[in-house]
Amino acid sequence: MSTLVESPVPSNDSQAAAPAAYDPTQKQKSQAKTARIPIKVVAAEKLKKPEWIRVRAAAPGSRFYDIKRILREHNLHTVCEEASCPNIGECFGKGTATFMIMGDKCTRRCPFCDVGHGRPDPLDTQEPENLARTIAALKLSYVVITSVDRDDLRDGGAAHFVECIAKVREYSPDTRIEVLVPDFRGRLDRALHILNSGPPDVMNHNLETVPRLYKQARPGSDYAHSLKLLVEFKKLHPEVPTKSGLMLGLGETDEEILQVMRDMREHNVDMLTIGQYLQPSEHHLPVLRYVHPDTFAMFEREAYAMGFTHAAVGAMVRSSYHADQQAHAAGVN
């Protein structure tokens, strides 16, 4: 486990240790990534994982290695790999994946996330074509497309999303497309205008945690802005289901989670995912509690009582986990 402390003011003492040289062109992971955020992560005793936290390995004879090979051949990334998702064995084994576009270097440094930070490479103009060909080759009926944050782009990457959606529909017209988008902070109006030309079948943007914890968990993001993204998209496309997700175990209370769920419904969010946060490494935010299955069951009951069309709630649930089943249950066919 780890604890959090405010970053100290740099010392003028010549004896103070100098920080490692920072090369923005290189992908920073783990300690290299979190070393420069306002909240520092300090190693401490780990909580013991309870018996209900179990990761499923890929089954013998599954498509796990075949999927990895195809992704590398087409120069594609998945959030499953980059974020060290615990469900990767199960999902790859079943022939499903969440594709991550616009590179593997994020402009943010969220200390819960295992995606690398750095100066992103220029957009790959062949990526929409490569993505569409791969999805067609895999004969996928439902795909999730996500991305790193691209604060370096004037539209946050919205046009690239639209190009990818269009190409996938060209090659696989019956495939349903969910996008899990960044917050487009500072570029929201431009991004929404661009997305208007080619909206997905499901629009997903994760709030991740409660507003009180945004400073430590989502530096560079804003809770109210994320809600605005979801509700403004819904106003433009009332027929498209909207979706958001939360992770538990960062220090939130149950009542804070319930209030976020109410906020989602007040902003016309249709679908919900809630799962247990698992620390990718000792240099990431600590797990402060493992939520009991009974508590997850309570959140699920409350979600349906609030009017969510579908709620996937459980320790190993992730935003894209069984996304096709979630969408089908919410009426996306």
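Cβ coordinates come from backbone N, Cα and C, glycine included.
The feature compositional bias 'Polar residues' is assigned by Swiss-Prot to 1-15.
Per Swiss-Prot, the feature region 'Disordered' maps to 1-34.
As annotated by Swiss-Prot, [4Fe-4S] cluster 1 binding site applies to Cys80, Cys85, Cys91, Ser320, with the evidence given as sequence analysis. DSSP classifies Ser320 ([4Fe-4S] cluster 1 binding site) as coil under the three-state reduction.
Here Swiss-Prot flags 91-309 as domain 'Radical SAM core', drawing on sequence analysis.
Following the DSSP three-state reduction, the secondary structure of Cys113 ([4Fe-4S] cluster 2 binding site) is coil. A simple way to gauge crowding: the CB of Cys113 ([4Fe-4S] cluster 2 binding site) has 23 other CB atoms within 10 angstroms, across all the protein chains here. Summarising the annotation, Swiss-Prot assigns [4Fe-4S] cluster 2 binding site to Cys106, Cys110, Cys113.
Here the domain 'Radical SAM core' (91-309) has a mean pLDDT of 92 out of 100. Distance noted between the C-alpha atoms of Ser320 ([4Fe-4S] cluster 1 binding site) and Cys113 ([4Fe-4S] cluster 2 binding site) is 15 Å.
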